[in-house]
Amino acid sequence: MEADSPASPGALEPLAEGAGGEFYSLLRRIKGKLFTWNILKTIALGQMLSLCICGTAITSQYLAERYKVNTPMLQSFINYCLLFLIYTVMLAFRSGSDNLLVILKRKWWKYILLGLADVEANYMIVRAYQYTTLTSVQLLDCFGIPVLMALSWFILYARYRVIHFVAVAVCLLGVGTMVGADILAGREDNSGSDVLIGDILVLLGASLYAISNVCEEYIVKKLSRQEFLGMVGLFGTIISGIQLLIVEYKDIASIHWDWKIALLFVAFALCMFCLYSFMPLVIKVTSATSVNLGILTADLYSLFVGLFLFGYKFSGLYILSFTVIMVGFILYCSTPTRTAEPAESSVPPVTSIGIDNLGMKLEENLQETHSAVL
């Protein structure tokens, strides 16, 4: 018998072309899924919120380091006053069920609890820096994301896929990379006066943020953005004003006011006001969880600005951290979650698609339908 002759190079060319075509087809499908216009728009909106948070962090740090002004409650109070003057007054001039008095008669105690959660979340996170380390705050603050996902599961009936858990893990890996870069760059130079108290404050603050964000998502999707901001402005002003008189009146009295300090307070208030005003818009077309993943980059923006203002040392790990967080964020946004409707009496629960990125997906479907008609 004759031995089988080896395949000729010409016979292998179609196989190679077929394998290469399948590979490029796979790349095109991945690109079409991960880099659509809607996902890019979601990324841009999330980074806009991150820049607002960066502005609040930089102005607060500048006040603390250059002018020895530590008044987080006063800064929050100014923001709540702005929300009150615009959105609460807007509700007062509405008619029907959207009127301020009608809302207060039906749901006043719910919005008191929401305002309390929002005010204390802001206060606890800022106050924790006095007791614990920067690393602890950055790491433990991420505790709010699994809490937020759990609350969304039980309250908003969000149902996650495996890719969502993988995406969250990737984002948290990016945060860990950022913390490692901080340690290597020598930013971890404060051991804190009482680490346990500080860590508890961070965990409580992160949990309260999660509660506030879930309530915000429910209100802006079921009711209206103006109602959420108006009620938070009303009760946030009252609660933060009372707390301000109790815990910070001595610190405020010791401030030596000049135009630079006043300008920093104004800059902080504007950044915070923009954050509160725009976040409901982003949450309405995505979800509270995806927004919280997107704003994980805020600390990195603060670090980049701090290279010039505060003399921070640069590390290549910061760039790696930013990249890892953005990859996780894109993965999360690439696939919508499901919404499981609650069961009514003996009727089995109905499952539908899309609490997460619902607005984006609807817009995408409308665009595809329009193209098909044309």
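The backbone N, Cα and C atoms fix where each Cβ goes, and this holds for glycine too.
TrEMBL annotations: computationally assigned, not manually curated.
Positions annotated as transmembrane segment by TrEMBL: 39-64 (among others).
Taken from TrEMBL, the feature transmembrane segment applies to 76-96 (among others).
Long-range contacts of the transmembrane segment (138-158) within its own chain (CB-CB distance under 8 A, at least 6 residues past either end) are made by residues 125, 168, 171-172, 175-176, 178-179, 182, 199, 202-203, 205-207, 209-211, 213-214, 217-218, 287-289, 292-293, 296, 299, 337-342, 355-356. As annotated by TrEMBL, transmembrane segment applies to 138-158 (among others).
What TrEMBL lists as transmembrane segment is 165-184 (among others).
Annotation comment: TrEMBL describes 196-216 (among others) as transmembrane segment.
Annotated transmembrane segment per TrEMBL: 228-247 (among others), in sequence order.
Nonlocal intrachain contacts for the transmembrane segment (259-279), taken as residues 6+ away from its ends with a CB within less than 8 angstroms of a stretch CB, comprise 45, 48-49, 52-53, 55-56, 59-60, 62-63, 67, 69, 74-76, 78-79, 82-83, 216, 229, 232, 291. Residues annotated as transmembrane segment in TrEMBL: 259-279 (among others).
Sequence annotations record features per position, and here TrEMBL assigns transmembrane segment to 291-310 (among others). A Cβ distance under 8 Å defines the sequence-distant neighbours of the transmembrane segment (291-310), meaning residues of its chain 6+ beyond its ends; these are 42-43, 45-47, 49-51, 53-54, 57-58, 61-62, 65, 138, 142, 144-145, 148, 167-168, 171, 174-175, 178, 182, 213, 279, 282-283, 318, 321-322, 325-326, 328-329, 332.
Within the chain carrying the transmembrane segment (316-333), a Cβ under 8 angstroms from the stretch's Cβ atoms is held by residues 34-35, 39, 42-43, 46, 163-164, 166-175, 177-178, 180-181, 184, 286, 289-290, 293-294, 296-297, 300, 303-304, 357, 360, all 6 or more beyond its ends. Positions annotated as transmembrane segment by TrEMBL: 316-333 (among others).
Residues 114, 117-118, 120-125, 127-133, 136-137, 140-145, 147-148, 151-152, 155-156, 228, 279-280, 283, 288, 291-292 of the same chain, all 6+ positions outside the transmembrane segment (196-216), place their C-beta atoms under 8 angstroms from a C-beta of that stretch. If you look at the transmembrane segment (76-96), the same-chain residues 6 or more away from its ends with a CB under 8 A from one of its CBs are 102-103, 119, 122-123, 226-227, 229-234, 236-237, 240-241, 244, 265, 268-269, 272-273, 276.
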